Amino acid sequence: MAGSGGLGGGAGGGQGAGAGPGAALRAPRAPLLLAALVLGAYCLCALPGRCPPAARVPAPAPAPAEPSRAVRNPGAPVLPVASGSGRRRFPQALIVGVKKGGTRALLEFLRLHPDVRALGSEPHFFDRWYERGLAWYRSLMPRTLDGQITMEKTPSYFVTREAPHRIHGMSPDTKLIVVVRNPVTRAISDYAQTLSKTPGLPSFHALAFRHGLGPVDTDWSAVRIGLYAQHLDNWLRYFPLSHFLFVSGERLVSDPAGEVGRVQDFLGLKRVVTDKHFYFNATKGFPCLKKAQGSSHPRCLGKSKGRPHPRVPEAVVQRLQEFYRPFNRKFYQMTGQDFGWD
């Protein structure tokens, strides 16, 4: 009985005075056994192929690099952006028109001026990419120093109904340059460009007239662009006439220094680009630069400029001249300039 009471006392958890050293050694046996089992299991799992792979916490992904402009704006044109000192600003002047009027030539001539910084490509912001926002548009511009003028040219602006309102929203002080050309010659040049890219196009007169030599088809863009008075009406809702300079595409060929001089005056620039910068290339029938920007060699515009025109019957030309005559005269009255197309 006394032995039984001793067992009961040990099980009761109180180490009485009668508990000897043996009881103290037996007490931690269970924890030691548990530790041995855990250690054995660990060693067993350490052998290759004996345990399933432990779930791994994925390492944090590296921070993505700042996306390029093209990635931030999917579908937008990727345009070269000039680097250097200064800061990017909204254009103070735009060449807004017209297609096949001589806008590329004028831009290249103006880029000879040290106080003109111009975007070489056409950004088409105010007609195609306006939803990208003005901050995106400004990021495309070359950097300029104080006193320099930022420019860009997109000739389709002149015939885009929303463009005047949008440009006015950017700055109501924007100076606007429009290069115009005899609308009949301009339409034929437009057709020649399209034909070079789309062989097998219907003839010029088949596109210019409905039903043979019926009414002129003003739905055809090559014809519609030449209705300068109608397009200018839309622009004058937002800008006064004093904000415009109308450059003659014909005089830009016959007297490039004179027309570029007018543009420099309009922009408030010193007349740096003069007749010493030009020579006439008889092969192309177009003035070329004696010294192109960033080069010591003379340069003409690309092969797409001054390309030969397809032969158009004289009767077709006469019909179009008669069609455009009232629109031309209205345009002369609106601008105060007689361009001599009639």
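Every residue gets a Cβ built from N, Cα and C, even glycine.
Features of the protein shown, as given by TrEMBL:
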REGION    1-22  region 'Disordered'
COMPBIAS  1-21  compositional bias 'Gly residues'
REGION    56-77  region 'Disordered'
DOMAIN    91-331  domain 'Sulfotransferase'
BINDING   K100, G101, G102, T103, R104, R181, S189, K305, G306, R307, P308, H309  3'-phosphoadenylyl sulfate binding site
ACT_SITE  K100  active site, for sulfotransferase activity
DISULFID  C288-C300  disulfide bond
Most Cβ neighbours inside 10 Å, all chains, among the binding-site residues K100, R104: K100
Number of other Cβ atoms within 10 Å of the Cβ of C300 (disulfide bond) across all protein chains: 18
Distance, S189 (3'-phosphoadenylyl sulfate binding site) to C300 (disulfide bond) (CA atoms, angstrom): 18
Candidates K100, G102, S189, P308 (binding-site residues) - the one closest to C288 (disulfide bond) by CA: G102
Fewest Cβ neighbours within 10 Å, where candidates are the binding-site residues G102, P308: P308
List of residues, in chain order, with Cβ under 8 A from that of S189 (3'-phosphoadenylyl sulfate binding site) and at least 6 apart: K100, R181, H309
